[in-house]
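See below for the structure under consideration.
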Amino acid sequence: KGGEGRSLPRSSWDERLADAVTPLWRFPYQEQLQVKYESQKKILQTLASCLEELGVGTQHPGGLCCPLQPIVPSPVINGYRNKSTFSVNRGPDGNPKTVGLYVGTGKARNIVCVKANHMENIPLKHKRVAQCYEDFIRHSPLDSCLLFHKGGHWRELVVRTTSYGHTMAIITFHPQDLGQEALATQKSLLKEFFMCGPGAVCALTSLYFQESTMTRCSHEQAPFQLLHGEPHIFEEVLGLKFRISPDAFFQVNTAGAEALYQAVGELGQVGGDTILLDICCGTGAIGLSLARRVSKVIGIEVVEKAIEDARWNAAFNGISNSEFHSGKAEAVLPQLLSSWEDARPVVAVVNPSRAGLHYRVVRAIRNCRSIQRLLYISCKPEGEAMRNFTELCCPPDPGKKLLGDPFTPTLAIPFDMFPHTVHCELVLLLTR
């Protein structure tokens, strides 16, 4: 079902993986959109109920907290991901050096790593790099690292690609007790494999290596070591060129991101006297794509390398009305807004992780009178974002230091950034 040149998975394991990661893959695309639209309706109904309990009457037809526009479809339906993360673990045949995606859970102790060959959302180039990495580690005398305390070394693979044809591979390796000489040998072998050996078919633009003793490490905790190629890859969005570092956030669906960013500008009603406050800005894509329509762009991002990218992106694209701050938003934003006396209107855009915004960020936004329009972009609005929505829209609460006038949900637009999955990106416009 679904067309678009789909080839059905060939085995029960392929189907189990597809059902686990992309549970809507069997549905025609229009049906996928309908499923997601209904789920967004339920989220807005839940928010309406939460606000009603707080004495805020916002209900619209259908019990929604605000009007919900039709879901915006993804311009690309298959192979749209520009970033894929592959795990290393036991495959269905028991081989501990299988590179793929997980089926099962750690709690149930039934995790199996299945190759992603038939996943519709992952491009062929990512699958090719994953297969080459698997070939390499299967010929390596070193074990894969299934559990940190049980030893082993070979871990995750991240692949990033762009419309320019660039490909970045990032290999995560647990050093355990290996010495520097042994580590240097492994790095040399990896480089040789991907540059001159069988892995050369991947035509990597960048090959990175990270020695990590934790599940996830930032560049500051465990530096990304460039083994070969260029330190960055590049992407184009809305006519601007963006530089991307190994751990910098960038929307995984580039074509979908263009539609999303255009809508942000329209919903924000930005103009020549507007200051655009881009919180959790990543490489600056949202702010910079709108910079020529506003007076000033101010971006905040916790990943230091992403801020370096954002500043480079601004300079390269000839954008001089932007400034970017590195640090946790809960530390940077309150300080930035505490003495805010600029008379220009402020439109704030927040695009946090699934953990949502820190309470101090919500409080700083709420208590800044200059912010009259807020665009909250969330890939999981039913999660922690729901708490943020209620804090932004509840009546003033001196006990929680929420003193500013409450925001009101005004309009919601879902964007399908993740075809075949149950997820989408919800843009909620809040005004006061």
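Every residue, even glycine, has its Cβ placed from backbone N, Cα and C.
Where the annotation comes from TrEMBL, it is an automatic prediction and has not been curated.
What TrEMBL lists as S-adenosyl-L-methionine binding site is Gln251, Glu301, Asn351.
Residues annotated as active site, nucleophile in TrEMBL: Cys379. Counting Cβ atoms from all protein chains shown, Cys379 (active site, nucleophile) has 19 others lying within 10 Å of its own Cβ.
Take the mean position of the Cβ atoms of Gln251, Glu301, Asn351, the recorded S-adenosyl-L-methionine site; other residues of that chain with a Cβ within 8 Å of it are Phe249, Phe250, Cys280, Cys281, Gly282, Thr283, Ala285, Ile286, Ile377. Annotation for the binding-site residues Glu301, Asn351: lowest Cβ count within 10 Å of the residue's own Cβ, Asn351. Reported as a whole number, the C-alpha separation between Asn351 (S-adenosyl-L-methionine binding site) and Cys379 (active site, nucleophile) equals 9 Å.
For Gln251 (S-adenosyl-L-methionine binding site), other Cβ atoms within 10 Å of its Cβ number 24. For the S-adenosyl-L-methionine site, whose annotated binding residues are Gln251, Glu301, Asn351, the maximal Cα to Cα separation is 15 Å.
Here the C-alpha separation of Glu301 (S-adenosyl-L-methionine binding site) and Cys379 (active site, nucleophile) works out to 18 Å.
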